[in-house]
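Asker: Among the features that Swiss-Prot reports, 5-methyltetrahydropteroyltri-L-glutamate binding site is placed at 17, 18, 19, 20, 117, 515, 516, 561, 605. If you look up Swiss-Prot, you'll see 431, 432, 433, 484, 599 marked as L-methionine binding site, on the strength of sequence analysis. Annotation source Swiss-Prot lists L-homocysteine binding site at 431, 432, 433, 484, 599, citing sequence analysis. Taken from Swiss-Prot, the feature Zn(2+) binding site applies to 641, 643, 665, 726. Under the heading active site, proton donor, Swiss-Prot lists 694, citing sequence analysis as support.
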């Protein structure tokens, strides 16, 4: 029984973000479709070759996507919303981009599909839309074309397909309500057709992703698995693939399925290998997800070997990444600025492939010398002084309940804030960032590269902040922001100014579409050596009589959008960050900043996948926010912002944050999200986002007014704010001005009644 290795997927964007650049060039009309397609082909060929060279036996095909793999699956099944369909019924790459972005080089613009987080990761998928009586047919053959590509290059391949039940679970019903699970029998024939096509190509194994099987699914959904997989069996071997959690609670459902193998995430799940071996059918292959696909840490391969060695030779076994390597940067070897000791603690996607090769070889041979050598740096890290800061650990241990309480309740604070700010009804504001123009990015880059001295850099940033204030005053906004010209990314910027973080040059991971992020890495205890945002906030406030918001990223979001340590709990990291940012709130307040926004867009996405684990997470997540904010005086207004959220199941915790104002992303869901605030009788102020900043389309005054009137039916108008869905960093100035002018006009119309 020779053990093989494989990955569940590989990063798509390219080491230098080639895919992003090609997408954006095509969208802007600066390159042709053929040029875009050529970049995709080149990246796929390179990535297959890199994995093969690193020692991977079975290469994933179908993990590449032009925007998102769930959207690719929608097109595969012919699930194209009516508003995005071509007149002749055809589907092309522009159809895909219109669903993702709301517009493309061809076709009519229309509202983009809703976007939400992929399970509990920082990747976003485009939510499939389902309507009653919908028809499905094999429409978009990208998967088959890419399999042909890989076979022509001589690779041993394993196609990757999002499973039918997870696909339905991830979608939403539009229009007349019905049970979307009822569509299962309509999509299964398309899956059968795809599997038949793969069988014709001589494919032995297909990785069929059903991560929904790690959730606490309703019984009806669990019951659907057996008939669905009965219909899919027989043409190729199916590797039922799960990740992000363990499968033990649903193992009875899984073991009844007519599949030939199971992949389990042995990093994030609590599954016991011996129990899995005992309960799985003896002729099933077990794919052991031993290498963390979601983090950047080098694995202790001696531990991984010990975890799996007892079942070697007792059943067919593969070793794999825990999930797709999509969530990891590509290659550590190009990081030239990382300190050698710190660099020795990391492994990116290609290094993780190498780890899988080392592990496979050791399991096949019994020789573990190479594993011990590889694991030495990560074992040495446990005692490094760069990891432990006794002062931080002491301060954390001394936290009391009082540290997470504002001095007075919201009603008392609101009165003090009204007296201080005297804002009109329907106050208008933005979420924080303004367009990051080429000039701003060039300025930061030149400074970073040493081509610009500190004085000239600061003069340049000050000029952009001044421009942002002038623009906002001209537009008539009520509460201003400084525009964040000095910030590259809302998490990276804070990480750069906090001890305990390190940064990469090329550690990019895909967030959605062409958007990539370069998450900081938490390597040790977190503290704040000096004020971070105070100087620029103070400068912006000096330019205007209107209030300017101080802008902070909250502790849970910094945690969730960074690569965390693996040697302490997430709670510990979040509270260390909260204490550091608490000092920032106090310093902003002392500098005369009266409104401070602490963004927590990631609070909900950090939820454990199983509801039974939620309470513990929410308790420390809320406490971290409150530790951060509680130092503020009564007449300092604390705002928070959240996006891509379903709130109804965590409203108690949202209210427990005790923010004076919460701004939320609601435009794509047509204000549906406000229902949960209404039902809960949310007591504080709310700014429901009135237009979707992820789309370049400019909303009309009438559209915004209609949304606000809809909002006022759910929330008393005196507690409503008017704002976009999210920051405006990725937009251009022309559409930003136009959209904000319409937003301000809508608010003024409502004030006049």
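Any Cβ shown, glycine's included, is placed from N, Cα and C.
Walk me through where these features lie, including what they touch and how far apart they are.
Answerer: In three-state terms derived from DSSP, residue 605 (5-methyltetrahydropteroyltri-L-glutamate binding site) belongs to neither a helical nor a strand segment and is classed as coil.
There are 23 other CB atoms within 10 A of the CB of residue 433 (L-methionine binding site), with all protein chains counted.
Mapped onto three states, the DSSP output places residue 433 (L-methionine binding site) in strand.
Here residue 643 (Zn(2+) binding site) comes close to 601, 664, 665, 689, 725, 726: these same-chain residues lie at least six apart in sequence, with C-beta atoms under 8 angstroms from its C-beta.
Under DSSP, residue 694 (active site, proton donor) is assigned to coil, being neither helix nor strand in the three-state scheme.
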Asker: Would you count the other CB atoms within 10 A of the CB of residue 17 (5-methyltetrahydropteroyltri-L-glutamate binding site), including those on all shown protein chains?
Answerer: 18
Asker: Could you say whether, by DSSP, residue 19 (5-methyltetrahydropteroyltri-L-glutamate binding site) belongs to a helix, a strand or a coil region?
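Answerer: Assignment for residue 19 (5-methyltetrahydropteroyltri-L-glutamate binding site) reads helix.
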Asker: By CA distance, which of the recorded positions (431, 433, 694) lies nearest to residue 117 (5-methyltetrahydropteroyltri-L-glutamate binding site)?
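Answerer: Looking at Cα distances from residue 117 (5-methyltetrahydropteroyltri-L-glutamate binding site), the smallest one goes to 694.
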Asker: Going by C-alpha positions, which of the recorded positions (431, 599, 694) is nearest residue 516 (5-methyltetrahydropteroyltri-L-glutamate binding site)?
Answerer: 694
Asker: Of the recorded positions listed here (17, 19, 605, 694), which is spatially closest to residue 431 (L-methionine binding site) when Cα positions are compared?
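Answerer: Nearest candidate: 694.
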Asker: Excluding near sequence neighbours, so keeping only residues 6 or more apart in the same chain, what lies with its CB under 8 A of residue 432 (L-methionine binding site)?
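Answerer: Spatial neighbours, sequence-distant, of residue 432 (L-methionine binding site): 481, 484, 490, 549, 551, 597, 599, 641, 727.
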Asker: Can you figure out which of 17, 19, 605, 694 (the recorded positions) comes closest in space to residue 433 (L-methionine binding site), comparing Cα atoms?
Answerer: 694
